[in-house]
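Have a look at the structure below before the remarks.
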Amino acid sequence: MKYNRILLKLSGESLMGEKQYGIDNNRVQQYAEDIKKVVDAGIEVAIVIGGGNIFRGLSAEKSGMERAQADYMGMLATVINCMAMQSALEDLGLETRLQSAIKMEQICEPYIRRRAMTHLHTGKIVIFGAGTGNPYFTTDTAASLRAIEIKADVVMKGTRVDGIYTADPEKDPTATRYDEISFQEVYDKGLNVMDMTAITLCRENKLPIIVFDMNEPGNFMKLANGEHVGTIVR
Ligand code: UDP
């Protein structure tokens with residue numbers, strides 16, 4: 001196997017499926033089945049999930065709410081998504097632990113790096129909730145940060161697009177997909193991969209990012225096997 005430990009980042013929006021808001025259980029179940037295949041192959045998987053399907057701090061700020069307050073609400077939204085994913089994984093018989101960057105002891109563990117690593121070692125899936133625990137950050141940054149902390153080999157960002165394009169493929173039909181791109185090119189071309197804080201963390205710590213289509217069943221396993229899917233940034 002090419003990877004021992006993978007950090008999978010899922011956006012909140014990806015959990016919406018075809019819905020306009022909230023969680024599509026069928027979509028969460030498909031993701032859980034894909035994750036199971038990778039875990040069953042003996043690869044350690046940690047997951048960071050966003051909250052944009054429920055609440056986004058930046059959007060709330062635009063309609064007048066104080067940013068920090070709105071961001072804390074966004075972080076709580078991520079925990080709801082994490083709990084949905086935890087249930088779906090456990091329904092498949094997998095062992096999981098949810099760790100939150102904001103303490104919520106009735107529903108999950110607090111984030112403790114060393115404990116997270118022990119869980120991974122013993123074959124449990126660790127889901128990291130509440131982003132970084134700080135306002136003004138994103139769950140992309142949380143994914144990069146946690147991946148570095150737990151010494152993951154790669155961040156895999158599962159989206160509904162099959163990689164990084166020269167322009168937004170939903171708007172520009174001439175856009176082409178990169179197989180591989182450097183961190184410098186992402187900066188120079190202003191490509192929308194992850195926010196710049198997340199990109200910089202990965203670059204400084206030599207952590208590759210793979211952007212791929214998580215909605216295509218089997219893609220996550222292909223990547224875990226070392227097959228080329230999506231776009232790799234390194
Ligand atoms: N958020 C935050 N700090 C973090 C991570 C997330 O304040 O470290 C808040 C922020 O308001 C953000 C919301 O949580 O809009 C949901 O996270 P994100 O937008 O990253 O989710 P995604 O786009 O992946 O669904």
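Yeah, the Cβs are placed from backbone N, Cα and C, and that goes for glycine too.
Curation plays no part in TrEMBL annotations; they are all automatic predictions.
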Per TrEMBL, member of Gly51, Gly123, Gly158 binding UMP alongside Asp71, Thr132, Gly133, Asn134, Pro135, Tyr136, Phe137, Thr138, Thr139:
Gly51
Listed binding-site residues adjacent to ligand 1, that is, members of Lys9, Gly51, Thr159, Asp168 whose C-beta is under 6 A away:
Gly51
Limited to the domain 'Aspartate/glutamate/uridylate kinase' (4-213), I'd like the whole-number average of pLDDT.
96
Could you give the maximum C-alpha to C-alpha distance in Å for the residues Lys9, Leu10, Ser11, Gly12, Gly52, Arg56, Thr159, Tyr165, Asp168 that bind ATP per the record?
25
If you compare CA-to-CA distances from Gly52 (ATP binding site) to each of the binding-site residues Thr132, Tyr136, Thr138, which comes out shortest?
Thr138
